[in-house]
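Going by Swiss-Prot, these are the annotated features:
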- 248-271: compositional bias 'Basic and acidic residues' (COMPBIAS)
- Lys167: SUMO2 cross-link (CROSSLNK)
- Lys279: SUMO1 cross-link (CROSSLNK)
- Lys279: SUMO2 cross-link (CROSSLNK)
- Lys288: SUMO2 cross-link (CROSSLNK)
- 52-107: domain 'bHLH' (DOMAIN)
- 142-175: domain 'Orange' (DOMAIN)
- Ser235: phosphoserine (MOD_RES)
- Ser383: phosphoserine (MOD_RES)
- 1-21: region 'Disordered' (REGION)
- 186-293: region 'Disordered' (REGION)
Amino acid sequence: MERIPSAQPPPTCLPKTPGLEHGDLSGMDFAHMYQVYKSRRGIKRSEDSKETYKLPHRLIEKKRRDRINECIAQLKDLLPEHLKLTTLGHLEKAVVLELTLKHVKALTNLIDQQQQKIMALQSGLQAGDLSGKNIEAGQEMFCSGFQTCAREVLQYLAKHENTRDLKSSQLVTHLHRVVSELLQGSASRKPLDSAPKPVDFKEKPSFLAKGSEGPGKNCVPVIQRTFAPSGGEQSGSDTDTDSGYGGELEKGDLRSEQPYFKSDHGRRFTVGERVSTIKQESEEPPTKKSRMQLSDEEGHFVGSDLMGSPFLGPHPHQPPFCLPFYLIPPSATAYLPMLEKCWYPTSVPLLYPGLNTSAAALSSFMNPDKIPTPLLLPQRLPSPLAHSSLDSSALLQALKQIPPLNLETKD
C-alpha cells in the first residue's frame, strides 16, 4: 500500500529545517511570480473589454450609415428634374451620386466661363479706358441719333394725325425701317426701284386681255375675207377702214386669219372666236343657210365677176354669207352711179350707221320680217370724217330712188 506523504508525519531522521521568518522574506524577489499572475488577469480583462466595445461600435456604424442615407436623399431632392428624367425607375444611391457629380461639373464649367468673361471685361476696361475725346464723340453720336429718331417720330405722327387707330407697333416698325435704310445707305434707291412696280401690275391685265382675244380679235363673222384684195380695189379697203373695221390692221394679219376664215366648212373655231361668233352671229343652226341662197344668175355673178371682192364668201361656188350692205362714208356718195353700174347689176342699198334718216328710208321699202338676222350688221362707231347736211340729203335722195330689193328665197 502506497504511502501518502501528506498524511504521514515527517521522518525523524531528517534534520529539522529552521523556519523562515517574515523578516527574512523581505529581501527576496518575487517578481517572476507576480508577472505570471498579472498576465492571467489581463487576458480576462481584454476579453471583457471586447465584448463591452461591440455595442457602441454598432451604434456608431448605424449612425454613420444614417447620415450617408440622409445626405443622399437631400442630394436626390436637390437634383434638377431633367437629370432625374434621364433614368427610369427608382434612383439608387450610386445613380444619385453620379448625377450629382455630373451636375456639379456642369455648374463648375458655367462658373468658369462667367469668370473668364468677367476677367475679359475687366481687362478690356483697363486696357482701353475712354479718353475725353472718345466720350465727347460718343455723346455727339448719341445726340444726333436721338434727334434723328425724334424727327422721324414727329414726321410719322404728322402724316397719321387723322388716323384714329394708330398703334405703337406701327411706329416701331417705321423706325426699324428707317434705321435699316440708314445702315444700308440705300434710302434714295428704294423709292426709285419700287415706283415702276405698280405700272407693271397695271399693264399686265391689258397684256393678258390681248393674248386672250386670240386670232379672232379682228375677225368679223358677217363680212369675211379670203385673200388680200388686188391693187384696183383699194376703194373697198378704204371703205372698210373708214367704217371702223380696221382694214389697215387686217392687211398685216391677213395670213394669220386665213385658217380661221377657211374653217367655215369644218367649223374649227377657237374658244375666243367661238365666243365672238356667238355674240355677233344669230343663233340659227348652220343648216338654215339654204334660205339665204340667191338665184342662179346672182351665183354666177358672184363666182365670175366678183371673185376677188373682200365682201363675198370664201368659196366661189358657195352662196354668200350675207347680202352686201356696204358701209360707205357720206363723202363717197358722188360715186354711187359708178357703184350701181359696175359692182352690182341692180341698185345697191347703202347704209351708214351714223345716219338715222337712211335707216328710216331703208325700213320704208324693206320688210324687217323678211330680213334674216345674220344680215343685220352690228352697230359700229361713226366715221371720223365730218359729214355735212348736204351729204346726208344726197344720200337720202339716193336711197329713196332705190327700188325694193328682191328678197324671195328658194326652198
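Backbone N, Cα and C define each Cβ position, glycine as well.
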Helix, strand or coil at Lys167 (SUMO2 cross-link) [DSSP, three-state]: coil
The domain 'Orange' (142-175): DSSP-derived helix, strand, coil residue counts: 26 helix, 0 strand, 8 coil
Residues of the domain 'bHLH' (52-107) by DSSP state, where helix covers H, G and I: 46 helix, 0 strand, 10 coil
Cβ neighbours of Lys167 (SUMO2 cross-link) where a neighbour is any other Cβ within 10 Å: 9
